[in-house]
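What follows is a short report on a single structure.
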Amino acid sequence: MTPRRTEMVDVTATPGSPPRSPAADPTASAPVPTPPAGTGRGRWTLLGPGLVLAAASVGAGDMVTSLAGAAGYGMALMWAIVIGVVLKYALTEAVGRLYLATGQTVIGSLRSAARWLPAAFLLFVLVIGLLYGAALSSVASLALSTLFPVLPVRPVGVTIALAAAAIVYAGRYTVFERVMSVFMLAKFLGMAVLAVATLATADDLPGLLGTLRPRLPEGDVVTVLALVGGVGGTAGIASYSYWVREKGWADRSRLRLVRADSALSYGVTLLFVLCTTVVGTGLLYGTGQSITGSDGLAALADPLGADLGSVARVLFLGTFFLVTLSALVGGFNGLCYLLADSLRAVRGIPDAEAEPHIAQNGRPFRAFLLYCALAAVAVTFLGRPVSLVLTYAAVGSLILPLLAGALLVLLNRRRVEPALRNPITSNVLLGGSFVLFGVLAAVQLKDSLGGA
């Protein structure tokens, strides 16, 4: 009997191997191993980085933004969410394609475009790392303290931040991917159940569905921009190349996998945000209540309990907690990759020697993980968790126009293999991303500075 083959993908670029150029790789033309026909589990295992991105990117900011939009406009702004998903997909697919084309991560490619860019990116991501952990751990703690009022918000927030850092510290990529996939499945199912229950118990179902009619809010363009920019990830999109690298996808033959993986990521994201919008419309639209204050969780959890029962209230708060925890774990992982790789590029260490400097078990990665965890502990005691989320969103929004502009330049170079260059549709979507996210970043920074 022929021994059963267990290898599903090319794992020659294991966690710990340096990035490699497809042109220099003698195995670059090898076909992608495929699972036996009809084996759903086999097909599922071929994907992965997109599931990590979905779990990491759908966080408190997405829920707060979509619930706030639903409170004011029902489901009339779903078109803005769809635009956001399409643009984020284009960015993510381009990040993955850039790695396949060059064998370089985003930071390595930025250095090839301009030597000063990694230094600027390092400072930029350091600011994000300062705010990220505190913002999400505080909101996760608020969810638990709303569910269990006896729990103190700040000490629990510190515990959550340290627990998330411990998960990242201890887990290899394969374990990390499985954990994030479980998070994604659990939070998606939780919100889907709540959305179905909201529709099933609606007093005026035709009226609720009637809010789906698209419209542009007069004098409230900022809300539309926030919905477009608030769906999906920011720094997580740039981190996608590291998860692709860990998966072992490193040549043109993996392009279909990258595209399918990215599509899965944003398909799940769109469905989750749609479910959240349905819940927000059913419980907040027309009531005058808001989700922007520190009592935002209670403002939605209490109507849920009154309309759907105490089980629904617990399910919502539990889902909100998992959403925030998964974004915290995934964010810590992605930010530490970006920080370690930025430092490596600033120091001038070539890509061929990058592995010890960006590996998950390397000293730079773990030093930056400690930085993110300690920053979360310190900033948590400032309070105002939802305000911290909004501040992070304003600072984090700067990464998207920078990334879109870089991808437009890097993936239109002649040295890039024609099959991996930007097609016309990618150029249009990346150009639109550059303009739209640039405007959104300016608006968010202006609002943040004005409210400081």
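Positions of Cβ are set from backbone N, Cα and C atoms, glycine also.
Annotations in TrEMBL come from automatic prediction, not curation.
Feature annotation from TrEMBL assigns compositional bias 'Low complexity' to 22-31.
The annotation region 'Disordered' is assigned in TrEMBL to 1-39.
What TrEMBL lists as transmembrane segment is 44-64 (among others).
Summarising the annotation, TrEMBL assigns transmembrane segment to 70-91 (among others).
If you look up TrEMBL, you'll see 119-144 (among others) marked as transmembrane segment.
Taken from TrEMBL, the feature transmembrane segment applies to 156-175 (among others). Using a Cβ-Cβ cut-off under 8 Å and counting only residues 6 or more beyond its ends in the same chain, the transmembrane segment (156-175) has close neighbours at 15, 133-134, 137-138, 140-141, 144-145, 243, 246-247, 325, 328-329, 332-333, 336, 360, 366, 369-370, 372-373, 376-377, 380, 385.
The feature transmembrane segment is assigned by TrEMBL to 182-202 (among others).
Within the chain, the transmembrane segment (222-243) has long-range Cβ neighbours (under 8 A, six or more residues past its boundaries) at 48-49, 52-53, 56-58, 61-62, 65-66, 68-69, 72-73, 77, 80-81, 83-85, 87-88, 91-92, 95-96, 98-99, 105-106, 125, 128, 132, 173, 177, 216, 262, 266, 269-270, 273, 330-331, 333-335, 337-338, 341, 358, 393, 396-397, 399-400, 403, 436-437, 439-440, 443-444, 447. Taken from TrEMBL, the feature transmembrane segment covers 222-243 (among others).
The annotation transmembrane segment is assigned in TrEMBL to 263-285 (among others).
Long-range neighbours of the transmembrane segment (314-340) within the same chain, counting only residues 6 or more positions beyond its ends whose Cβ lies under 8 Å from a Cβ of the stretch, are 52-53, 55-60, 62-63, 105-107, 121-122, 125-126, 128-129, 132-133, 136-137, 139-140, 143-144, 146-147, 160-161, 164-165, 167-168, 176, 179-180, 183-184, 186-187, 190-191, 193-194, 235-236, 238-239, 242-243, 279, 297, 300-301, 304, 357-358, 360, 362, 364-366, 368-369, 371-373. If you look up TrEMBL, you'll see 314-340 (among others) marked as transmembrane segment.
Sequence-distant contacts of the transmembrane segment (365-383), counting only residues of its own chain at least 6 positions beyond either end whose CB sits under 8 Å from a CB of the stretch, comprise 126, 129-135, 137-138, 141, 154, 157-158, 161-162, 164-165, 168-169, 332, 335-337, 339-340, 358-359. Per TrEMBL, the feature transmembrane segment maps to 365-383 (among others).
Per TrEMBL, the feature transmembrane segment maps to 389-412 (among others).
If you look up TrEMBL, you'll see 424-445 (among others) marked as transmembrane segment. Long-range contacts of the transmembrane segment (424-445) within the same chain, counting only residues at least 6 positions beyond its ends with a Cβ under 8 Å from a Cβ of the stretch, are 86-87, 90-91, 93-94, 222, 225-226, 228-229, 393-395, 397-398, 400-401, 404-405, 407-408, 411-412.
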Selected stretch (most C-beta pairs under 8 A with the transmembrane segment (44-64)) from 70-91, 119-144, 182-202, 263-285: 263-285
Here the stretch out of 70-91, 119-144, 182-202 with the most C-beta pairs under 8 Å to the transmembrane segment (263-285) is 70-91
